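Reading through the structure tokens given below for one structure.
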């Protein structure tokens, strides 16, 4: 059993490199289906992509690992989620005539997948046998590879004008998301990894080989350009926060210690960012600056025409109001255990509100307690030992937490939710003296 657990642990580390490939291939697969069928396909019309099937198989491996290492607390956490889901489904049978059980199942499985990633990877880090420094270096290499791959999957298609627009609505086509079928998902992934990768480059020791230096510099620079191309409101906020926080820290360090290393490193990232934009301006057939400007102006135009709430929430407030009215009028059972996902034709796309409305107050506790516990523990540790890495982890978690409240696509997404869960595990790892002492419960 011990050998089986060790083999699974090696597979889990390898999956960190495989995971971004699945996101790229999933969008390319959907685009191929659209070309072959001549019709438009969305993630809601075809949720079972090959990448999702692979991730569901990976979920089974996560469950198998939890059983092998006898992680009772992890198993009990998943049981609590299962009970919350079952009680919401019972309410559907009791109080609703029409509901979609398949939607119920796929939605809760996606949530459970991310919780499983959190608890299992925390245990894998604990058992890996590496020092904290070596494990953080291994994770840094992985995230740098992931960001380079994900950003190039937007930049290269843009160069050849092959891929999806981020928005195609009543205000026209704007933004560009390459082959990714969800601009919200890829935005959440990038703004989770970007602050850390900026920090990794800024803190590389002097004398680092060029072979390692170059990808560490290009990953955040390419990602800044890619997020500007995506053009969502949260992407621009993520770009600003990811650059501003380390800049302020580097500035303070310069005045305190007369050390300009951090400022120079950040300047290198911004120079590569500018050069990359320049290359797109020279070689891409579309006007990149004009497209970015249109995306920036769109939020203001929507705010003037339809109000600030619509500009910020993209109409999610209307879906939230309809669902909340049903939840409030559903009686005590619905308040405690929720309406169930299957009773709703459309998702609200605001994760925290979805949890309360779909699974009730009991479900909110069962589903969110571990996320909240780790978040509070991280904040306590951050104020006890404040440094650049802690700041960048805080920015990543804050951006993702704000995103899941306002725009969703995190806790119920097997793409962005994977990295949010992983970031919470890392937030605990960073303030643990050695991985073998890592605990999340």
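Positions of Cβ are set from backbone N, Cα and C atoms, glycine also.
A TrEMBL annotation is a machine prediction, not a hand-curated record.
Residues or ranges marked as transmembrane segment in TrEMBL: 12-32 (among others). When Cβ-Cβ distances below 8 Å are used as the criterion, the transmembrane segment (12-32) is approached by residues 41, 43, 46, 49-52, 54-55, 58, 61-62, 65, 120-121, 124, 128, 138-139, 142, 145-146, 149-150, 153, 163-164, 178-181, 185-186, 189, 415, 418, 422 of the same chain, each at least six residues removed from its ends.
The feature transmembrane segment is assigned by TrEMBL to 52-70 (among others).
Beyond the transmembrane segment (75-95), the same-chain residues lying 6 or more positions past its ends with a Cβ under 8 Å from any Cβ of the stretch are 63, 66-67, 101, 104, 108, 111-112, 115-116, 119, 330-331, 333-334, 337-343, 358-360, 362-363, 366-367, 370. The feature transmembrane segment is assigned by TrEMBL to 75-95 (among others).
Taken from TrEMBL, the feature transmembrane segment applies to 107-126 (among others).
The transmembrane segment annotation in TrEMBL covers 138-160 (among others).
According to TrEMBL, the feature transmembrane segment maps to 180-201 (among others).
When Cβ-Cβ distances below 8 Å are used as the criterion, the transmembrane segment (213-230) is approached by residues 140, 143-145, 147-148, 150-152, 154-155, 158, 166, 175-178, 183, 186-187, 190-191, 193-194, 197-198, 200-201, 204, 236, 238-239, 242-243, 268-270, 272-273, 276-277, 280, 288, 291-292, 295 of the same chain, each at least six residues removed from its ends. According to TrEMBL, the feature transmembrane segment maps to 213-230 (among others).
Summarising the annotation, TrEMBL assigns transmembrane segment to 236-255 (among others). Note on the transmembrane segment (236-255): residues 187, 190-191, 194-195, 198-199, 202, 220, 224, 227-228, 262-263, 265-266, 270, 295-296, 388, 391-392, 395, 398-399 of its chain, located 6 or more positions outside it, place their CB under 8 angstroms from a CB of the stretch.
The transmembrane segment annotation in TrEMBL covers 262-284 (among others).
Residues or ranges marked as transmembrane segment by TrEMBL: 355-374 (among others).
The annotation transmembrane segment is assigned in TrEMBL to 386-406 (among others).
Marked as transmembrane segment by TrEMBL: 412-431 (among others).
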Non-local residues, at least 6 beyond the ends, that sit with Cβ under 8 Å of the transmembrane segment (386-406):
187-188, 191-196, 198-199, 202-203, 234, 237-238, 241-242, 245-246, 249, 262, 312-313, 316, 350-353, 375, 378-379, 416, 419-420, 423-424, 426-427, 430-431
Where else in the chain does the transmembrane segment (52-70) make close Cβ contacts, counting only residues six or more beyond its ends and a cut-off under 8 Å?
1, 4-5, 8-9, 11-12, 15, 22, 26, 78, 109, 112-113, 116-117, 119-120, 123-124, 127, 414
Among 180-201, 262-284, 355-374, 412-431, point out the range having the most Cβ pairs under 8 angstroms from the transmembrane segment (107-126).
412-431
